[in-house]
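Record features, source Swiss-Prot:
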- 6-452: region 'GARS' (REGION)
- 113-343: domain 'ATP-grasp' (DOMAIN)
- 139-200: ATP binding site (BINDING)
- GLU313, ASN315: Mg(2+) binding site (BINDING)
- 469-801: region 'AIRS' (REGION)
Amino acid sequence: MTIKNNILVIGSGSREHAITWKLLESNQVDKVILVPGNASSSTMERVITVECSKIDAESISNICKEHNVEYVFVGPEVPLVDGIVDGLKRKGISCFGPTKKAAQLEGSKVFCKDFMARNNIPSARYQTFTDYNKAKQYIESLNYKIVLKASGCAAGKGVLIPNNKEEELEGLKRIMVDKEFGSAGDEIVIEEFLDGEECSLMCFSDGYSLVVMPPAQDHKRIFDGDKGANTGGMGAYAPAPFIVDCNNNATTDKSKSKSSFGTIIDRCVETILKPTINGMRKEGKPFVGVLFAGLMVSSSSSTTNDKVINVLEFNCRMGDPETQVVLPLLETDLFEIVLACIEGRLDGLDVKWSNKFAVTVVAASKGYPDSYPKGLKINGLLENKNTNDNIIFQAGTTVNGSNDIVTNGGRVLSCTSVSESLEDAIKNSYKLIETISFEGMQYRKDIGQKALNHLERKKQQQANSKQSVSYSESGVDIERGDAVVDNIGPLAKATTRLGCVSDLGGFGALFDTKAAGFRDPILVSGTDGVGTKLKIAQELGIHDSIGIDLVAMCVNDVVVQGAEPLFFLDYFATGRIHVDVATQVVSGIARGCKESGCALIGGETAEMPGMYKDGEYDLAGFSVGAVERDQMLPSNIQEGNILLGLASSGVHSNGYSLVRYLIETKSGGLTYNSIAPFDSSKTLGQVLLTPTKLYVLSCLAAIKSGGVNGLAHITGGGITENLPRVIPDGLDCEVELGSWEILPIFKYLVELGNMETEELLKTFNSGIGMILIVSPDKVDSITKSLESNNEKVYKIGKIINSKTSKQSKSKVIYK
């Protein structure tokens, strides 16, 4: 007769629901006591939820006595780091989880990094600091990208990945000075940023031996495409095919792998997991429980043996949501594994895993990972009957006074499906999550997509290796390229002007300046791109206006020299030509050319599947203009000249790396499809994709009227850095703050980034896209000319003599 045991599980998330669900499959388990638990007990038999305001050894031991519990399984890290295992052992209760000393692997990132260094476990180079000023000096001395880690427990959110030196120093301040993560930031780890694919690798351990679990991949960011703020995890899948030697059916050749998961995992066991378990034991901290290794697998090579694997972090417990995809693949009795670890006999157990795939998608509350509402009724949950292949694990749930299951946390549910193929597991997970709903429910739509892409590439590589190769099979489709040329031919022809003497599609474009009316011309060229504004256009699928930006960035530079843009050439590079997308982009280029009076006379469309992903493209433009030799600008700029600012249409095409960072990490969960907080008639994406203003025709008319001594195109660097570029040495620019309208989008960005005015003025155009330096007696006539060409004109300042010397470089002085 099998002895039935009661086991207590500490925790209240989907991880603990999954652990409880798996333990109940054991014929050795009678009841599971879930503390403090969630509403999952209302949908499972033999589960008792016990509320507990303080999770410590004293409280848990009292619950164990009341419910005749001999074994405790600790889910989250905080009780482990606080030493609950030690306390329960002293009271005679067996516990699955590491002691306080062993839990330092997660509780102190400083201890963890030093331990890895002592035991030759591969990890990024690093330094640790308790002194803010010394840490600041160290960061300022570095010339490579870094990661900032609060040393203590910070609920999985104490890691910052800055993009530049400014963000690095700001992140350091947030952790050590502002105490964003509390006492966890008293000590900090500064380590080198590693690039590649992240992987979660867990193992059971009895302190001597270990059993590795299927590797999983988590999705940390809140939004699709790994955008937005970090979360506890929005979904996961296992096994991860980029690190497991398997195809779409998850089958590996077990005769060639000790771990059953392929040679890469075998190497991880030998170089990471075993040295960790052995090292902890030798240092007097034997690790019993689940060791979680967060790995970075380099993408530097496509061959298995050349992959570089480093440890990002260790955790002292099972991951969430990784547990929800790993345990459904476990075929061995989980309770038996727990006993074997506690009793030091894990090496005598033959642990088996399914050859299937598991995928989980997390349903989260509106506003998560920031503030979110609670108490919202969850529809469809009770109608779902959990099976071995489709399971809804509960996290932030509770039962209200009406006996309804309602939301009670940020991450609410994990919808898990198991299938023979990864593709089917993904489809079934999304079918499952679509059967439930609550107000404001959000979830990612791309869980597992990177793995599917990997499998598709692998499949294609295998197919290509078996057959002869054509150019189209390499990913380059000449027919699609020809179709684009056919579509854009009429668009380009519509921009033809005097001087054009060649048609689109030749080896070179020809232009006759004499036919265009020039006597003694100087040619002026300008080249530019659109930058990361393209990322927003590609994400939203809005491609018909980005070409205007490309033209504007080039021709606005050309007109600064007093030149008339004559012709334009574009370069369009993409991973795969989509005829409709390319046509829309070029239509925008043609429109920009037409509005600037220049001809689109040539270009290049390049399909490069090895350089860009499908759906990605980049743009570059090249414009040539001409100005009569005796009419070049700048000319005759002197003290007393007036600065006339022309209003911008928006952000234009500079500063979008910062814009995207602010929207995706600081906006409280807003997306580019969200209604703009400052303009209810438009989405944020529509505001940000407003095309760069074309100033050519209005400025040429003003120049022709006389009195324009110079122009400055306000691009990256703002007024602060662009205006002095056209001013002679010995002169400064006095600019009056408040003399023009700062557009709402800039006020919003300033608010998100807590930016100073000085930073705004040297980063964005701030509402002024072009500045004309004008003779005082011509201000009125030039203003009228500009306004007649639909420009909004501001008198923003004047030219003054430098107060230092006649040789000093020009600068902007704000009043």
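Cβ coordinates are placed from backbone N, Cα and C, and glycine is handled just like the others.
Recorded residues GLY171 (ATP binding site) and ASN315 (Mg(2+) binding site) have their alpha carbons 23 Å apart, per Cα-Cα distance. Considering other CB atoms within 10 Å as the measure, the emptiest surroundings among the binding-site residues GLU187, ASP195, GLU313 are those of ASP195. In this structure, ASN163 is the one among the binding-site residues ASN163, ASN315 with the smallest number of other Cβ atoms inside 10 Å of its Cβ. Annotated pair GLU187 (ATP binding site) and GLU313 (Mg(2+) binding site), C-alpha to C-alpha distance, rounded: 16 Å. According to DSSP, GLY171 (ATP binding site) is assigned to a helical segment.
Cα separation, ILE139 (ATP binding site) to ASN315 (Mg(2+) binding site), rounded: 26 Å. Taking the C-alpha atom of GLU313 (Mg(2+) binding site) as reference, the shortest distance to any of the binding-site residues VAL147, ASN163, LYS179, ASP195 belongs to VAL147. On a Cα basis, ASN315 (Mg(2+) binding site) lies 26 Å away from ASN163 (ATP binding site). Using a 10 Å radius centred on the Cβ of LYS179 (ATP binding site) and all shown protein chains, the other Cβ atoms total 13.
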